[in-house]
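Look at TrEMBL and you will find 51, 91, 99, 293, 298, 340, 379, 380, 418 tagged as substrate binding site. Here TrEMBL flags 184 as active site, proton donor. Sequence annotations record features per position, and here TrEMBL assigns active site, proton acceptor to 378. According to TrEMBL, the region 'Disordered' annotation covers 513-535.
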């Protein structure tokens, strides 16, 4: 029986603290982390995830990489017997009230923005967001002769060369490539530092000169050189019905509106495609999986325009699948999707925000599975209670345990946000250990489960038109069971409620998605409270 049930095993990882490597690029918390890793091993966890911050490693100057602190960290993880998911974190962390740590992108990169502020994403008010470079400079040689994509490729190449021993030993099994703010493939459409608050629809962030020129060229190519960006889209904190663009039967459905939305979202897909192609060349032949993160924009999901998703760059409507197009692109690189919101339930959300995290999770996971991808998830906000764990378990194996082999659909892995003393103490730790057991289908921890094959070369480049064929028709998601068939204890408030004032069990959750990978947790602040700075 055990041989057959083994296919139900879902790997569990835990995100390390944001300051696992300090802001001065030193490994200073070895003793504390060593004790916490022992608790994770005792719980049966398969591995850990860590942000590898660009702003730390290449902070001193172009190609002046310093990997020494990360090497010490990786040695500690290896000695603990854990596997490692490494995030190539090309974005800024923190720098705002409530953030645990502040790690900007390299100063020498920001200095380029002093003379050319259009290297940063820009909103319609002219405010710059210095959390991540605009995709408009992907191929612009503005950074001491290198383009943004070349800088990212060089960074990953140096990582491979300096971490070869951990790659060869099978310690590093996953390379998550940062593609935007908070490490996610999206535009910075809802920054609290620019005045956004939940559940605002956000704004389109494409007003740097490079993206404006790209749009004008694209419009001229289809015979409309007069077209400009839409001017009826509202502001950060509007609701869809307060705008002409996003309201029911709004101008998002017009020829011009559809053209703009396609251009906006296609650029994001092409951005991911370019950087993943470079990542594939860097890690070719190594036994690793490439992955990207997609943000869980669950507010306004129930309105026809899906307004908050559109401003983030996800062109998702009732008749158009904005996530399967991304999955189609990833398929070329044999990369996986890592999605958030896995613990969220609709009934915990604000009715005014028209949120539907459960339906969103089903849609995104189904899109990945239909394209044959490995699909992984994370929780959006820290939770320690059986109710949240059981929601994750339901999403991990939506059809339940298969007694005769691997389920038709299951998560490849789950990463818990985030390692802390609160997780590994008292009843919280008891609940977590039980959760890990259930994710493993009550089987012992298996370090050899789901072995990685050498990474092959990406498939032939495919046109954006072929990628967009995945958008329509929009298929119904695969059916999910209402409850997991392998639950964690009682579903009452055991182990404490979700952290912070916005995420109590059964109440109304006023914050959006929480952190994915490299963000400080703040339930009211968008993606985990990592609020982009401005200039």
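Including glycine, each Cβ sits where the backbone N, Cα and C put it.
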| remark: The rounded CA-CA distance in Å from the residue listed as 'active site, proton acceptor' to residue 418 (substrate binding site) is 10
| said: Around the C-beta of residue 298 (substrate binding site), how many further C-beta atoms are within 10 angstroms, looking at every protein chain? | reply: 28
| note | residue 184 (active site, proton donor) sits from residue 51 (substrate binding site) (Cα to Cα, rounded, in Å) at a distance of 13
| message | What's the number of neighbouring CB atoms sitting within 10 A of the CB on residue 379 (substrate binding site)? | response | 25
| Integer Cα-Cα distance in angstrom, residue 184 (active site, proton donor) to residue 298 (substrate binding site) | 15
